[in-house]
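One structure is given here, and the rest of the page talks about it.
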Amino acid sequence: MNIKLHVIGTGYVGLVSGVMMSYLGHDVTCLDTDISKINQLKKNILPIYEPKLAEYLPALVKSGKLRFTSSYSAELQNSQAVFITVGTPPLPSGEADLQYIFTAIDNLCEWIRDDCLIVIKSTVPPTTCNRIIDYLNNKNLKFSVASNPEFLREGTAVDDFLNPDRILIGTNNKQAEDLLKEIYRPLTTRNIPLVTTDLVTAELTKYVSNAFLATKIAFINEMANLCEKIGANTKELSCAVGLDKRIGREFLNVGPGFGGSCFPKDMLALVQIATHYQCNFQIVNSVINSNYQRPYDMVDKIHYIIGNDLHNKVISVLGLTFKAGTDDIRNSPAIKIIEILVDKGANIKVFDPVGMNNAKKELKNVFFADSALSACKNSDIIIVATEWSEFKDLDWSLIHRQVKSPVIIDLRHILDGDMLKALGFKYCLI
Ligand SMILES: NC(=O)C1=CN([C@@H]2O[C@H](COP(=O)(O)OP(=O)(O)OC[C@H]3O[C@@H](n4cnc5c(N)ncnc54)[C@H](O)[C@@H]3O)[C@@H](O)[C@H]2O)C=CC1
Ligand SMILES: O=C(O)[C@H]1O[C@H](OP(=O)(O)OP(=O)(O)OC[C@H]2O[C@@H](n3ccc(=O)[nH]c3=O)[C@H](O)[C@@H]2O)[C@H](O)[C@@H](O)[C@@H]1O
């Protein structure tokens, strides 16, 4: 059965969810108050870089099953469910800022029909849905509210949407549950697990999942520090440890620390939630502190290799986004490392295959090269900060001839160290 839906917010989650729910057969209107984004989308231009998404957009728009708008209007009266996917950034305290959620709710209420289901897909602290219900009740409005947290990752969002490990829906009434089950039926008929819970359990599950994944990363990064001192091979260690099914290989890749718009903010929000309920979260706090320290450790390593005085040193940084496959630089460890190095007086040359435009808005006093090769010219040290696969395929022999000093520090463990050493590079891992 095709269902009429609105998706509020066309960011990394809203746009993917809107496009893909339309692909599942529903009639979807994506609404964002950012007019420039909507104007681009109306011309079939994606305002974000997300692999595969562009393959779906034009045909769905042409078929009339996917529409874009920048205004809350009477068109909302057609919708049976409205998914809210606006941002929930951290306040200075770390608590999630819910202002965008409540603004969206205020705007919606004027238009949606009485039986419309409001679905919160944004990551929100437990009890938020109940708070929304109380807020609506105080205005004498009786809309149903459901929680449907999203687990997709940037860079693989389309595949993650179509093949999730689970779909999670939190509801407090059967009609809401049934409608959400119907919306996801094209996926659940393929045996994708659908978990139903109450509202607060669904909301908390999202934070616990992100916190567990972030903990795995911080844990292996800490172990990598020991590997380096002892002379153990971190990559082999991660593989061997991860082969234990109880542990699992995923999220054991050593790197410069976790970044992105979610892990860092959700860890802070979880601590705030725990504190509110007088729970002392020692593990989560340690993970936050350990990850905060990580870029500084990376800079110490650079000092160790090329000396304490960074003035007159040319440092080439390959990769600016918080991970490969996205143009998102929010909380990117690469950006943090560069900022620390700039403060120390280093000359920084940078290149990223898709993140340059976003980085230009953020980074000051660095040289933006137009290719990886050009970024590496006359370099004293090359830092690989994001795991873009194209960095593996660079002409390293040519780069070797053009650097001042042939040193590479591979923060992502993606390059072929033996090949680079054979070319004459000093190849360092973390
Ligand atoms: N980025 C990701 O990969 C994932 C994010 N999440 C969660 O999803 C939520 C959204 O995250 P992103 O998509 O990254 O955010 P984003 O910042 O990319 O997009 C949010 C969008 O909402 C729009 N917006 C804000 N207020 C609005 C309003 N009142 N009406 C209509 N549009 C409005 C903004 O213009 C923006 O386009 C957050 O809670 C996040 O934690 C969950 C899973 C994955
Ligand atoms: O709530 C969210 O926003 C999303 O957050 C993460 O997705 P995302 O941030 O897009 O990307 P990840 O692949 O999880 O990477 C996060 C960070 O951890 C780092 N990472 C990841 C895996 C690893 O083994 N090592 C590692 O350092 C990445 O480089 C990146 O900086 C979760 O994986 C998603 O399930 C969740 O929906």
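Including glycine, each Cβ sits where the backbone N, Cα and C put it.
What TrEMBL says about a protein is an automatic prediction, not a curated fact.
Taken from TrEMBL, the feature active site, nucleophile covers Cys262. According to TrEMBL, the feature NAD(+) binding site maps to Asp32, Lys37, Thr88, Thr123, Glu154, Lys265, Arg330. Under the heading substrate binding site, TrEMBL lists Phe151, Leu152, Arg153, Glu154, Lys206, Phe251, Leu252, Asn253, Val254, Gly255, Gly259, Lys323. What TrEMBL lists as domain 'UDP-glucose/GDP-mannose dehydrogenase C-terminal' is 316-417.
Sequence features, as recorded in TrEMBL, placed on the structure.
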{"residue": "Asp32", "record": "NAD(+) binding site", "Cβ contacts under 8 Å, 6 or more apart": "Ile8, Gly9, Thr10, Gly11, Gly14, Ile38, Phe68, Ser70"}
{"residue": "Lys37", "record": "NAD(+) binding site", "Cβ contacts under 8 Å, 6 or more apart": "Thr10, Pro47"}
{"residue": "Thr88", "record": "NAD(+) binding site", "Cβ contacts under 8 Å, 6 or more apart": "Ala96, Asp97, Leu98, Tyr100, Ile101, Ser122, Thr123, Val124, Lys265, Ala269"}
{"residue": "Arg153", "record": "substrate binding site", "Cβ contacts under 8 Å, 6 or more apart": "Asp160"}
{"residue": "Glu154", "record": "NAD(+) binding site", "Cβ contacts under 8 Å, 6 or more apart": "Tyr12, Glu50, Gly260, Lys323, Gly325, Thr326, Asp328"}
{"residue": "Lys206", "record": "substrate binding site", "Cβ contacts under 8 Å, 6 or more apart": "Thr123, Pro149, Glu150, Phe151, Leu168, Asp266"}
{"residue": "Leu252", "record": "substrate binding site", "Cβ contacts under 8 Å, 6 or more apart": "Lys216, Ile217, Ile220, Ser238, Val241, Gly242"}
{"residue": "Val254", "record": "substrate binding site", "Cβ contacts under 8 Å, 6 or more apart": "Ile220, Asn221, Ala224, Thr234, Lys235, Ser238, His413, Ile430"}
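Lys265 (NAD(+) binding site) is surrounded by 22 other CB atoms, counting those within 10 A of its CB over all protein chains shown. All chains included, 17 other C-beta atoms sit within 10 angstroms of the C-beta of Phe151 (substrate binding site). Gly259 (substrate binding site) is 7 Å away from Arg330 (NAD(+) binding site) when you measure Cα to Cα. The 6 Å Cβ screen around ligand 2 retains Phe151, Gly259, Cys262 from the recorded positions Phe151, Val254, Gly259, Cys262, ordered by sequence position.
When averaged over the domain 'UDP-glucose/GDP-mannose dehydrogenase C-terminal' (316-417), pLDDT in the model lands at 97. Secondary structure at Lys265 (NAD(+) binding site), taken from DSSP and collapsed to helix, strand or coil, is helix.
Counted within 10 Å of its Cβ, the other Cβ atoms near Arg330 (NAD(+) binding site) come to 19, all protein chains included.
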